[in-house]
Structure formats: C-alpha cells, structure tokens
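J.: A single structure is presented below for examination.
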Amino acid sequence: MSKIIRSSDESRGALENGVNSLADAVKVTIGPKGRNVVLEKKFGAPDIVNDGVTIARDIELENPFENLGAKLIEQVASKTKDKAGDGTTTATVLAQVMVHEGLKNTAAGASPIEIRRGMEKAVSHIVDKLQQQSKKISGDKVLQVATVSSGGDEEIGAMVAEAMDKVSVDGVITVEESKSLNTELEITEGMAFDRGYSSPYFVTDAERQICEFENPLLLITDRKISSIADLVPVLETVQKSSSPLVILAEEVDGEALATLVVNKNRGVLQVASVRAPSFGERRKAALADIAVLTKGTLISEDKAMTLDKVSLADLGKARKITITKESTTIVANDDTKKEVASRVASIKRELDQTDSDYDKEKLNERIAKLAGGVAVIKVGAPTETELKNRKLRIEDALNATRAAVEEGIVAGGGSTLIKLGEELDSLSKSLDGDQATGVDIIKKALSAPAKQIALNAGENGDVVVSEIQRLGKGFNAATGQYEDLISAGIIDAVKVIRLALQDAVSIASLLITTEVIIADKPEPPSPAGGEGGGDPMGGMGGMGGMGGMGMPGMGGMGMPGMM
C-alpha cells in the first residue's frame, strides 16, 4: 500500500487538529454537570455515554493524519483506564493543553527536546508533592470516592462501598446486567486468578477487550494441549449442548489453539482457553480448587485420565466467566456452597499440619480465594441505553475506589492540581531556557481540568480558577460554592491523578517532538457489485470437516490452513 508523508509544521498541525477533535468530544463529560455524548452504532440503538475512554475509542477521523493525532490521545485515555480504571477524561484534558502549548512554543523556535525535558521534570516534581499530600481512606471516605466517581450517583456509591465491605477491597467484584429494573448486590461463590485468554481472538467484547460467557462449561486439566485430536471428542459433545466452553489447561498452543480460534471466529463454537494458574504441584491444587468450585473433574495425568474419554459430566459449570488479557473471574452457581466449605476445611487441616511459612502463605491464599466469594452488582435500568451507561458508571466507581484505597486521596474538582501548579514556580526559576518553558506548560495544563469542570457547570472557567487560587478552597460544581472539598466529600484518588498526569505528558511529549508523519494513502471506494472485503481471519483456513484429517467429523468445524 502506498504512503503519504507530511513533515514539519504541516505534520504537527494535522496531529493537533486530531487531538482537538477527540479531546473536544471527550471533555464535555467531566465533572458533576458534565454532558452526555451520543454514539451512533451500525446496528441497534445509539449509545448515550459520559465515559471518556468509550467515546475516545469510538472516534475515527476521515483525514489519516488527523486520525493519527486522535489515536495517540486515545492511548492516553486507554492507558489511564487500564492502570487506574478512571481519570480518562482528566488525562485527555491535560494532554490537549500540553500538546497545544508545546506545539505553539516549538513553532516559535523553542527546542522540542528541551521542552519535553522540562515537562518531564515538572511532572516528576508534582508526583512527589502529590504523594506527600495523600491521605489514606477507610469507612465513609470509601463511600464518598465511589459516589464522586459514579458521577454523583449516591445509590451506585453506596452499592460499591457495600460490596467492598463484604468481600474486602481486594475481593472479586463483578458487574452484570440484571433481568429486572432494579440494581442489586449479591454475594455468591466464585474465584479470580491472574491468567488471561490464550489469544486475543477469543474476545467477545472488542470495546472492553474481554471474553465473557454466561453459563459456560469448563474443561479443567493439568495437561498441555497441542493437538486438536485430543479435543475433538469433547468439542463434539459441547457443540451438541450449545453451551460456551472454557478450556483451563497447563497450556493450549499450536494446532489446537489455531483450530479453536478459527471455529470461534466462524461462529461454530463459543470457546476460549486460559492457562492454568500457579506452577507445579501448586497448579494442580489450584485446578482442583476450581474443579470443586464448578463441580467438575480435574483431568489429571496423575490419575491416568485422558482427554478423549471426557464426558459432559466431567465438565465444570459456572454461572458466568469473565476473561481479560491478564485475569479470569469465575462466578459459581448457587449449589456449590457445601462442596466449597468442605474443600476449605480440608485446606485448613493441611494448614495445621505444615511448619513452612511459605506453604502457610500459599494455603491461606487458596482459602481466601475459595472462601472470599464474589460480589455481583446486578445493574437494572428501564432501557438498554441507560443500562449500558449505568454499567459504565459502576465500573468507573469500582476502579476509582480501589485506586483510592491503594494510594490515598486528595481534594477533587481539579483544585489539588491548581495548588500543586503554584509550587512549580521555584522549579521554573531553577531551569534555563526551553526547559523552564516546559515547566510553565505543565503549570498551565494543571488548571485545565478545574476550568473545564466549571465550564460544564455553566461558569466562567478562568474566573473559577482565579478564585480557587485566591481563596485556597476548591470549587464545588454541583452547588456552585467554594469550600473544603475533602469535607464536602469531593475527592480524587491519588493514583488516578498521578497516572493521568504521567500518561498525558508521555503522549504529549511524543507529539511535540514529532517531525514527520507517514500514513497509509486512503483507498478509493470499490465500485458497487465489486469484490467484498476478505476474510478477516486471512489465511486461517477453510471450512473442511475434520474427517479429512483422519479424525471424526465435526459437522463443519474448520481446520486452519485447509482448503
């Protein structure tokens, strides 16, 4: 494919246009009086959201150079979301100002490299000060963080705080759609562990990059699976049951993984594979725990069990499984409490008999995972659009509250950033030339979130920032009053602010130091009736039955590379 090349001011101008297009759409959502954004969908009703990263991921600009700028800023939101779970709009607002001021100064002849160094020094200084001001939280403060992070929804805040109280802050909390109009909290059996899907092709929700199955079956084994022949009998059985299948094994790779991916993407099977947690003997123990939780059988080499003899009765069952890139959460059915209690008692007896501190630690971890349970927040709403919006708010509140417990809190509403910005004056004076300019850029960016929160509340942003500096108090956009925001319950998680700043300066400094952009030349539209797009799976193979491989036919199961 041919490329288009742009350089110097022309390239940076196109990037900034893309940054502004995305940031202007996202920043209207910040604060308690932030507005909603309507996203058109190819199929079904449009989504109405006020979640920054959801909006950012949906934006695709026609101009390829501007689109590159938009996608770079989307990375700011996505990185902050992945690491902190919240603060995506704050990160976007910060990055927009940093990019604008940085490019304005480089166009006037400043050195982009020196500006970047100054910006990085300023952010490092701010992060140190931020952590010094951090206050640890518990009790009512957890409720306040959850309420603020959900956009001021007290019902959501109370539910998130209650869930954390019941299963602990480190416990497993999942969010799912309710069959009723009410939003409810339920505590059930379940487990989570740090292993994700074997291939991103197993993802069922591309926007959130997760694989989620309702009422799946589980094949649990300590074997490594490389040949599809090992799986054919169980796949045939599962295909007839029409249930999703999750394969939990030492590893699934090679021909077996490729075939599962092909058939999942062709809609023949709802399937995913996950690498088993832990290592060695502890892996077998962890798999046995999961087998008890799901009323399944561990297909183990130690018992001379083989995969070709697996029946439907050997497969575990769960109410729901959610698999991300890095973790798996199993929500068990309601009929496993007796078995789980018996398993926990067995592990406790083992704990009493060991003298090793390391073994005790690992056994206690297993007990915590099995006995801790899972808090399920069931989200209800009158319409599907409101349901999706409410679900996003709850997920934001959960993530932000965890972040607040982890690194503490500071006053919210952008007021802390403004006060920290005032401490950059001494750093700016200690630096020369363009590095000092970089520090000044960060200082200006730090007032942007408070300014935008005020604008969304119908106030003059510059006046509000000036009053915050004069009074030494924060601006409560919900009431229009200047007050002590921590006492008012308007608080931000230090981790969220820290990551928003660090991610924003990371991408902004890259944009400022860009000299050349190379983009794909847009292809002309194909004539009507022409050939359609190719198979998105490329050369992953035909739909030939497995009978041609000398294996039992699977009624349309595809093999990679077969024509």
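From the backbone N, Cα and C atoms, a Cβ is placed for every residue, glycine too.
What Swiss-Prot shows for this protein is this:
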- Thr29, Ile30, Gly31, Pro32, Asp86, Gly87, Thr88, Thr89, Thr90, Gly413, Asn476, Ala477, Ala478, Asp492: ATP binding site (BINDING)
- 520-545: region 'Disordered' (REGION)
- 529-545: compositional bias 'Gly residues' (COMPBIAS)
J.: Fewest neighbouring Cβ atoms within 10 Å: which of the binding-site residues Thr29, Thr88?
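T.: Among the binding-site residues Thr29, Thr88, the lowest count of other Cβ atoms within 10 Å belongs to Thr29.
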J.: Within 10 Å of each Cβ, count the other Cβ atoms, then let me know which of the binding-site residues Thr90, Asn476 comes out lowest.
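T.: Counting other Cβ atoms within 10 Å of each of the binding-site residues Thr90, Asn476 gives the minimum at Asn476.
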J.: Of Gly31, Asp86, Ala478, which of the binding-site residues has the most Cβ neighbours inside 10 Å?
T.: Asp86
J.: Among Thr29, Ile30, Gly31, Pro32, Asp86, Gly87, Thr88, Thr89, Thr90, Gly413, Asn476, Ala477, Ala478, Asp492, the annotated ATP contacts, find the widest CA pair distance and round it to a whole Å.
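T.: Among the residues the record ties to ATP, max Cα distance equals 20 Å.
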J.: Give the three-state DSSP assignment (helix, strand or coil) for Asn476 (ATP binding site).
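T.: Once the DSSP labels are grouped into three classes, Asn476 (ATP binding site) ends up as strand.
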